[in-house]
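S.K.: Heads up, here are the entries from Swiss-Prot:
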- 19-26, 81-85, 136-139: GTP binding site (BINDING)
- Thr26: Mg(2+) binding site (BINDING)
- 10-205: domain 'tr-type G' (DOMAIN)
- 19-26: region 'G1' (REGION)
- 60-64: region 'G2' (REGION)
- 81-84: region 'G3' (REGION)
- 136-139: region 'G4' (REGION)
Amino acid sequence: MAKAKFERNKPHVNIGTIGHVDHGKTTLTAAITTVLAQTGQAQAMNYASIDAAPEEKERGITINTAHVEYETENRHYAHVDCPGHADYVKNMITGAAQMDGAILVVSAADGPMPQTREHILLSKQVGVPYIVVFMNKCDMVDDEELLELVEMEIRDLLSQYEFPGDDTPVIKGSAKEALDNPTGEWAKKIGELMEAVDSYIPTPERATDKPFLMPVEDVFTITGRGTVATGRVERGIVKVGDQVEIIGLAEETKNTTVTGVEMFRKLLDQAQAGDNIGALLRGVDRNDIERGQCLAKPGSVKPYTKFKAEVYVLSKEEGGRHTPFFANYRPQFYFRTTDVTGIIQLPEGVEMIMPGDNTEFTVELIAPVAMEQGTRFAIREGGRTVGAGVVASIDA
């Protein structure tokens, strides 16, 4: 059967299901597609097809992720669901599945569990900005007071991690009942959930609306014209005549003007997020700029050397280290287009980090790099990836 092509005329939002093992994340994902399929806004997916998530590689790390898509009246959604807890950790840290918001699934019969807490913490650390709660398995709980108690617990937990627990939408339902009877009473709860997601999770700012940033991949000189920096525009728009800063690696930030933009050997007036370009820079010497620096809109991003990171360390089976590492470990941190050596300080009370762990630690780089909360990086040792991380906060 041919897949119906989604019309991309609605705003696009990336979301995913998070929560403790067996609380019903995959069943809910199946229920959303099945209920929305009744109105032709999705292709119904059953539990087994979502659970058999294909393997993907992101920054050298193997992750199992299922992707489904569906529509509501107002939006087009791409939704990720992971089979195992480790897949969530890797997914969120590598940014393989960037989420504009998440649906936290909590079983009403069990209440919040260890991974519920861990996924909320991860969401905070990696910058998932909004969470909507689906209290699942409510068909198994007869006691209204118990449901209220679980809801209060969830709200408290969200507040502990600086999410607005009191204002977060909490929908009570049963994914299994909705999946088994997509036109029945429980199916209405799926409709309520999607209305909450529609209204509570804002449409993300498009990459082209953000301030200009381009990591420099290569630099060369055109005789008589000047220095050209090439790379892929990460976000924003750059026009001929724009002022930009050259940021990172050097002690000070330099200012210059883009006097030409070239793509596929054609001269353009402007380039935008996703374009691979050469930017001709006025008054910049070949030695003033190098791979690993960034061109950016003045004042939009700053270089730092010290930051706290949320990190996943590859297991031996994934090609990572075979042995743990300790404080003062000095690997390379690969930001965008280059490696910078950094020194690791472990949190208090932690003596070592084992392969396969996810953890938080502080890093001090030997040279500054343009970064902000949410910037991703890989950790490498002799060219081999041994971990992946995300900047959780900056120690200026």
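Heads up, the Cβ atoms here are built off N, Cα and C, so glycines get one too.
Since we're looking at a predicted model, the values are computed, not measured.
So that I understand the layout, could you describe where these features sit and how close they are to other parts?
M.R.: Other C-beta atoms found within 10 angstroms of the C-beta of Gly19 (GTP binding site) number 26, with every protein chain shown included.
DSSP classifies Thr26 (Mg(2+) binding site) as helix under the three-state reduction.
Confidence annotation: the region 'G1' (19-26) carries a mean pLDDT of 94 in the model.
Listed by sequence, the residues of this chain that lie at least six past the ends of the region 'G2' (60-64) yet keep a Cβ under 8 A from its Cβ atoms are 53-54, 82-84, 87, 90-91, 94, 96, 312, 314, 318-319, 378, 385, 388.
Sequence-distant neighbours of the region 'G3' (81-84) (same chain, 6+ residues past either end, Cβ-Cβ under 8 Å): 16-17, 21, 25-26, 29, 50-51, 53, 63-66, 68, 91.
Proximity of distant same-chain residues to the region 'G4' (136-139), defined by a Cβ-Cβ separation under 8 Å and at least 6 residues beyond the stretch ends, is recorded for 23-24, 27-28, 105-109, 147, 172-177, 186.
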S.K.: Given the binding-site residues Cys82, Cys138, and counting only Cβ atoms in the protein chains shown, which has the most within 10 Å of its Cβ?
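M.R.: Top count of Cβ atoms within 10 Å goes to Cys82.
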S.K.: With DSSP helix as H/G/I and strand as E/B, how many residues of the region 'G2' (60-64) fall in helix, strand and coil?
M.R.: 0 helix, 4 strand, 1 coil
S.K.: Non-local Cβ contacts of Thr26 (Mg(2+) binding site) (under 8 Å, 6 or more apart, same chain)?
M.R.: Thr17, Tyr47, Ile50, Asp51, Ala66, Asp81, Pro83
